[in-house]
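Here is what Swiss-Prot says about this protein:
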type     : residues  : note
DISULFID : C110-C187 : disulfide bond
CARBOHYD : N3        : N-linked glycosylation site
CARBOHYD : N16       : N-linked glycosylation site
TOPO_DOM : 1-39      : topological domain 'Extracellular'
TOPO_DOM : 67-75     : topological domain 'Cytoplasmic'
TOPO_DOM : 97-111    : topological domain 'Extracellular'
TOPO_DOM : 134-154   : topological domain 'Cytoplasmic'
TOPO_DOM : 175-199   : topological domain 'Extracellular'
TOPO_DOM : 221-242   : topological domain 'Cytoplasmic'
TOPO_DOM : 265-285   : topological domain 'Extracellular'
TOPO_DOM : 309-350   : topological domain 'Cytoplasmic'
TRANSMEM : 40-66     : transmembrane segment
TRANSMEM : 76-96     : transmembrane segment
TRANSMEM : 112-133   : transmembrane segment
TRANSMEM : 155-174   : transmembrane segment
TRANSMEM : 200-220   : transmembrane segment
TRANSMEM : 243-264   : transmembrane segment
TRANSMEM : 286-308   : transmembrane segment
Amino acid sequence: MSNITDPQMWDFDDLNFTGMPPIDEDYSPCRLETETLNKYVVIITYALAFLLSLLGNSLVMLVILYSRGGRSVTDVYLLNLALADLLFALTLPIWAASKVNGWIFGTFLCKVVSLLKEVNFYSGILLLACISVDRYLAIVHATRTLTQKRHLVKFVCLGCWGLSMILSLPFFLFRQAYHPNNSSPVCYEVLGNDTAKWRMVLRILPHTFGFIVPLFVMLFCYGFTLRTLFKAHMGQKHRAMRVIFAVVLIFLLCWLPYNLVLLADTLMRTQVIQESCERRNNVSLALDATEILGFLHSCLNPIIYAFIGQNFRHGFLKILAMHGLVSKEFLARHRVTSYTSSSVNVSSNL
């Protein structure tokens with residue numbers, strides 16, 4: 001596809017979501033020919049994710065909070081994961097509405113929902129990294145770590161939230177509502193004449209310390225954890241880790257594609273990778289598609305707990321029995337059938 005050199009045909013500012021002011025006077029604009037994703041499909045997807053996340057994560061938090069006596073260290077981490085997903089889910093109606101007429105909610109909401117999106121992502125991977133370290137120390141080194149003391153776990157979680165806020169702060173500071181010529185308003189970073197330089201900083205540094213480093217920590221810890229479990233033939237403990245492994249896998253499947261496409265977009269914006277109209281169109285569409293996948297993650301963890309976490313199901317039934325919604329006989333039968341698959345001091349109550 002050849003570039004269209006007439007600047008009246010296409011304004012670089014018109015690019016959606018990741019659009020930014022021109023960074024090079026010699027840049028030759030091109031017409032965006034790739035079809036965008038059907039906005040109604042996106043809206044319906046966001047609406048379903050919002051409802052499922054609101055219901056599912058509320059139930060997860062309820063089950064964990066009800067199990068005061070038997071709450072494990074991992075439960076505290078998963079409680080914070082559910083809280084992060086729940087807070088992000090509250091912004092999904094706004095993201096859905098922005099797909100219709102662009103960003104019509106002003107600069108303040110642009111900053112707030114962008115902050116919640118980034119905090120949800122970073123807190124998620126940091127908490128999962130903490131779980132991996134805790135499981136590594138408990139299984140590989142067979143020791144009760146400092147995080148076994150519940151009050152210290154709370155400080156670790158507060159540290160994860162604080163670091164997530166710091167990594168996400170640039171999006172709160174620099175994002176604003178912007179209305180390009182001949183296009184719908186957008187919500188993105190406005191960084192002045194040094195947009196290219198600062199965009200690289202704002203993307204590479206947070207994703208290095210908020211994604212790549214925690215990812216390698218998880219790969220290291222779970223690699224040695226699995227090795228220890230298989231060598232020792234610890235089948236029961238291996239089954240107890242299924243929920244945690246599933247949570248980590250789903251997180252990576254949902255967010256890794258978006259971050260890889262975002263990296264490609266950044267490298268093209270900063271001229272590290274040569275940009276062409278075809279590449280720009282493909283990356284723009286890929287960003288839209290993978291962003292939806294990332295947003296869907298907020299409703300998936302409760303589904304994992306419901307299908308894999310036997311103790312989560314039992315905890316939920318216990319709450320129902322306390323309120324007379326199921327019989328105690330049914331609860332007792334469920335406890336007997338799930339007893340052989342439960343674990344002690346290895347996994348969470350989920």
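Cβ atoms here come from the backbone N, Cα and C positions, even for glycine.
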Mind checking which residues of the chain, 6+ beyond the ends of the transmembrane segment (112-133), have their Cβ under 8 Å from one of its Cβ atoms?
74, 77-78, 80-81, 84-85, 87-88, 90-91, 94-95, 105, 147, 156-157, 160-161, 163-165, 167-169, 171-172, 175, 187, 206, 210-211, 214-215, 217-218, 221-222, 225, 244, 247-248, 251, 255, 294, 297-298
Tell me whether the transmembrane segment (76-96) sits in contact with the transmembrane segment (200-220), defined here as at least 3 Cβ pairs under 8 Å among residues 6 or more apart in sequence.
no
Go through the chain and flag residues at least 6 beyond the ends of the transmembrane segment (40-66) whose CB is under 8 A from any CB in it; none is fine as an answer.
75, 78-79, 82-83, 85-86, 88-90, 92-93, 95-96, 99-100, 288, 292, 295-296, 298-299, 301-303, 305-306, 312, 315-316, 318-319, 349-350
Simplified DSSP label at C187 (disulfide bond) comes out strand
Where DSSP helix means H, G or I and strand means E or B, what are the helix, strand and coil counts for the topological domain 'Extracellular' (97-111)?
11 helix, 0 strand, 4 coil
Take the topological domain 'Extracellular' (265-285) and count its residues per DSSP category (helix H/G/I, strand E/B, coil), listing them in that order.
14 helix, 0 strand, 7 coil
Counting every protein chain shown, other Cβ atoms within 10 Å of the Cβ of C110 (disulfide bond) number 23
Residues near C187 (disulfide bond) by Cβ (under 8 Å) yet at least 6 apart in sequence within the same chain, in sequence order, are S98, W103, F105, C110, V113, S114, R175, Q176, A177, Y178
